[in-house]
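**Student:** Take a look at the following structure, please.
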């Protein structure tokens, strides 16, 4: 028995390496499958056969590198613009801000401005204009952050648990207004001083000219004539300089005044929201308890997504009623009803803040002298000494740079005021990045509080219907249809009612693009460069269908545009080999823009410079490529049995309700209708291209 076991073990040891050694995946990249006759073709021999199947004669797809090797003379190819690669141009920006950090930075900057720690650098230094521009840009960023907070989070701030958030936002607006007003005061004072300086110096120039003209001796007059010319030149230079300074200051003044107006509107809007909270507390003291009752009625909802949360829709309904009944003036109620009547219930969270802001803009503004008096009051914001203030600037600067050992770096900055000033400017420049919320935008669902569950268990459904008026039964027919549709949407979206929860995560465009880069070894769906075809220099662009279907995105369009520009400057013939599914839908309108851009460059190349452009259409060439540069060539060449179309067969049949034959979009059929200038087999393509170029260049 022992001998038999040993023999089995030895057989297993001997056979295992052989079985593991043969793995078809290891050799897959060396072979190509002909889809027409299902014959495996060795890739090295495929290139020797010019990409044509030896068994059935079908024209097979080739990569861009293989086509370049097929068309260009050995050793003459030189790639250009190889480092261009796609980015996610439609990526949604992270717009969740840490408002506590925003408040911290805004208070810090107000301390600096009001304390006049860097007054010389901001308002007296010869480079003050740069500092003021950064200050104005900071205020614009602050307003935009508040727009995000008071726009997309409008309904959230109407909840009873938003008091702290509203207080933080009020602090931000308050310090922002004070900073803007202080800067406006200094800018306007500087404008006044510039006008005064201009009047004095202009008078001085005039006095110099008069004294020169009053010279009695002829020789003195001749000497003074050159002096007069010099004075006039200096006077003109001074006027130009003053004009540029005033133009810059007036522009900054206008921008800051606009920022101040927006901050005032946001301040009044926030006060309206705070008033709403007070009214809700007075008229609905048990609001929190009632919301738990509503959650018991609708247990089907898994999270708090505002797009599909019926509870939020219900609260919106209630908030609108509250604002109409209790918020502020009768004029506001009448105005609000007229503005709101055209909106659907689900659209109000999107447009509600715009309506309110439009309303408060019509109200009286703060008077400037009241604002200045308010600024001059000594408050908590101005009570920090310079050492503590500089330390806060240093900490924020190193927080921006993700540096942990900022305490060690503090000493070098406290002794150098210029260093602290530099840190402050960097903080203002990177304000939006510094205040981004580092938390996940959509955090995982938190566990329910035990207190909430205890309260809910003690509630009777009959009591709910009696106490809370907005139940399902009290809704109108249209509202019930809306709720039912949302319930089905929620169940289908979150796979509710099924045994297991299936998580589906969509791959981002950036990851999708990176996967193709790793698979093909190309930065994007085209290779461009310069080479020789039978000794003739040409500019060549070859699209690669293996990379995301050869789709035309921003990078493909840019590389083709730069290739055309290069060919125009160097008077080279241009050849574009097309193999594309059309515009890249992941980039939206950015991909469609490439069609116009390329067509405009081709117009200059062909019409103004009278140069030769040849397009070679291979299978498949569809969509935006067919509609743009694919059909704009002086000579259009197509390969046999190639699929050439604008819209696909299925799209045409669904749109026109007509049956489309498979042959109707094949190059052999289209060539009979004169759609192309020539149909050339791949084996003859190189010679045909060189002969066409020779005829065009030396035909006369």
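Along the chain as shown, residues are numbered 1 onward.
Including glycine, each Cβ sits where the backbone N, Cα and C put it.
According to Swiss-Prot, the protein has these features:
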type: BINDING; residues: 34, 37, 53, 56; note: Zn(2+) binding site
type: ZN_FING; residues: 34-56; note: zinc finger
type: DOMAIN; residues: 445-700; note: domain 'CoA carboxyltransferase N-terminal'
**Student:** Summarise the zinc finger (34-56) by DSSP state, stating how many residues are helix, strand and coil.
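**Tutor:** Secondary-structure breakdown of the zinc finger (34-56): 6 helix, 4 strand, 13 coil.
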**Student:** What number of additional C-beta atoms lies within 10 angstroms of the C-beta atom of residue 56 (Zn(2+) binding site)?
**Tutor:** 11
**Student:** As a test of reading the model: what is the averaged pLDDT for the zinc finger (34-56)?
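**Tutor:** On average, pLDDT over the zinc finger (34-56) sits at 74.
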**Student:** Could you work out which of the binding-site residues (37, 53) has its C-beta surrounded by the smallest number of other C-beta atoms within 10 A?
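**Tutor:** If we count Cβ atoms within 10 Å for the binding-site residues 37, 53, the smallest count is at 37.
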**Student:** Among all the protein chains here, how many other CB atoms are within 10 A of the CB of residue 34 (Zn(2+) binding site)?
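**Tutor:** Result for residue 34 (Zn(2+) binding site): 17 other Cβ atoms within 10 Å.
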